[in-house]
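S.K.: A single structure is presented below for examination.
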Amino acid sequence: MFAFIMRRLGVLGVILMGSSFILYNLAAYSGDPLADLKTSTDPNRDFLMISLSRELQLDVPPPARYFLWLKGVLGLFVGNANFGMTREGATVGADLAQAIPVTLRLVLASTILAIVMGIGIGVVTALRQYSRFDYSMTFVSFLMFSLPIFWVAVLLKQYLAISFNNFLREPNVPLKGLFLLALASGIFWASVIGGTRKTFWTVFGTATLIAGGMVAIMDAMNWFLHPGLGPIIVGGLSVGIAYGVTQLSVGITNKAALRASLTVSAATLLVYYPANWVFDNHQGALGVFAIFSILITVGVFAGISFSKIDRGPIIRTAVLTAFLSSIIVVVDKFMQTWQPYMETDAINYRPVPTIGQRSDLLDTQDFWISNLDVVMHLFLPTVALTLISFAGYIRYSRGTLLEVLNQDYIRTARAKGLTERTVIMRHAFRNTMIPLTTIMVVDFAGVIGGALITERVFGWSGMGTLFYRGILSFDLNLLMGVFFVTSTLSVLANLVADLLYSALDPRIRVGSGA
C-alpha cells in the first residue's frame, strides 16, 4: 500500500509540474503586465514600470522565471511557502488564505447536498423505473442540467428572497397558496410511494390533507415569524430518523439496532431543555460540540448494551441516529433565533439577503444570531448550486443502479431468498457507488476552485473571483497560486478515488497483484 501511494504521488507530481509549467508560460506570453503603464501619462511611469518589473521579476524569461516561482512554492515542504506578490503589492498566500474559507462555505454545503439528494433520488427512480416519479425526476434533472446558473440565481433572488421578504411583512398564506402547497405535497408523496392506482390516490389524498392542515396550523400560529419545533416534534423526528436509519442500515427486523436507535431518540428528548440551556448560557461552538458528543456517546453505549452479535453495524446505526438527531436539536435552536435576528436594525424583517457574505451592519456578540446571518447569506447560493449540480447525480446513480440490478449476481441473491433491502443496500448499492466515486471525488476537489459565476451574482469573493482577477489583470503569480491549489487537490482526488475503488470493490486490492 505504501509503495503504491508513493508511486502514485510521484506520477501525480510529474503531472502537476508539467501542467503548471505549460500554464505558466502560456499565461506569461499571452499578456503584458506593463501594458497599462506603457500607455499611462503619469510622470512616474518609468519608475513604476521599473518597480513592477523588479517585483514581478519580468526581466527573467518566462521558462526560467517559472523555476523561480516553483522554488518559492516548494518552500511549502519546509513551512516557508512563497507564492509571490500580486500586482497590488499583497502576498498571494494572504489572498488565498482569505479566499479558500469563503469558497468552502459557499460550495461545500451545496456539493454535499447535491451528492446526498442526487444519489438518493436516483436510487428511488431506479427502483420505481417507468413510474410517475421516475418520469417527473427525469424531466426535472434534464431541466436543471440545462439551465444556466446565473438565470437560476436571478429567479431565486426574486422569489426566495425579495418575494419571501415581502411576505414576512404580512405572513398570511392565501387560500390559493395553501391549496397549491397541499396539492404539490400530495403529488410528490404519491409518486414516490407508487403502487396501484388505489394506493396512489390514497397516498395522494392523505398527503394532501396532512400538508394542507400543517400549513393552515402554521399560518394560524404565526409560525413564519416565530418558528420552532419544540420537544414533541424534535422527539418525533428523532424517532422517525431511528426507524429510517435502522431500515437502511441493518433492516427494521433487527430489534437490537432498533432498540439502540430508539434509546438515542429518548435521550434526544431528555436533553432538549438542557441543550437549550447550554446554548443560551454557553455561547460558542463548545455547546454545540457538547450536545453532539453526549448523544453520540449515548449511541455508542446503547449499541454496545443491546448487541450480542454484529456489534459494529448496531453501533453504527445508533451513532448515525445520534448525529442526525443532534442536527435536529441545533436546527431547532436556529429557528428559535429567527425572530430576534429579524428584529435587529441591520435585518429589519428582510432576513433573506441577495448579495454579500454577511451583513456588515449587524453588530452582535450573540453566537446564534451571527451564525444565522452566515447561514442566511449562504442560503440562495447553496440552493442555486444544489439545483444545478444534483441533476447529474440523479442520472448517473439511476443509470448505474439499473445496470447493476440486471447483473446475474443480483438475480442469484434474490433467488437465495434475501430480502429486497439486503439485495439493494448490501449488494447493488455498493457496486453502484464504484463508478460514482470518481465523480464525487472530483467534485470535492473542484469545490476549492470556486464557482465564478455564482460568486459574481451573489457578490462573494472566493477562489473563482481570484482566478478571474488574475486573468483580467495579467497577474501571473495570483493566477498560478489559484491553479496550484486547485490542481493539487485534483491530482490528490485521483489518488483518493483509487483508494476508494479498492475499498468498495473486493476485486481491486492495492498490493494484491491485481
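Placement of Cβ uses the backbone N, Cα and C atoms for every residue, glycine included.
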S.K.: Can you dig out which of the ranges 56-76, 224-244 TrEMBL describes as transmembrane segment?
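M.R.: Range annotated as transmembrane segment by TrEMBL: 224-244.
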S.K.: Six or more residues out from either end of the transmembrane segment (285-306), which same-chain residues have a Cβ under 8 Å from its Cβ atoms?
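M.R.: Sequence-distant neighbours of the transmembrane segment (285-306): 256-257, 259-261, 263-264, 267-268, 271, 275, 278-279, 314-323, 325-326, 329-330, 367.
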S.K.: Which stretch, 173-193, 313-331, 374-394, 478-501, tops the Cβ pairs under 8 Å count with the transmembrane segment (9-27)?
M.R.: 478-501
S.K.: Do at least three C-beta pairs under 8 angstroms join the transmembrane segment (139-161) to the transmembrane segment (256-273), pairs 6 or more apart in sequence?
M.R.: no
S.K.: Using a Cβ cut-off under 8 Å, which residues of the same chain at least 6 positions beyond either end of the transmembrane segment (200-218) come close to it?
M.R.: 132, 173, 178-179, 181-190, 193-194, 224
S.K.: In the same chain, which residue numbers or ranges, 6 or more beyond the ends of the transmembrane segment (106-127), come under 8 angstroms Cβ to Cβ?
M.R.: 133-134, 137-138, 192, 378, 381-386, 389-399, 401-402, 405, 424, 429, 432, 436, 440, 443-444, 447, 450-451, 454-455, 460, 462
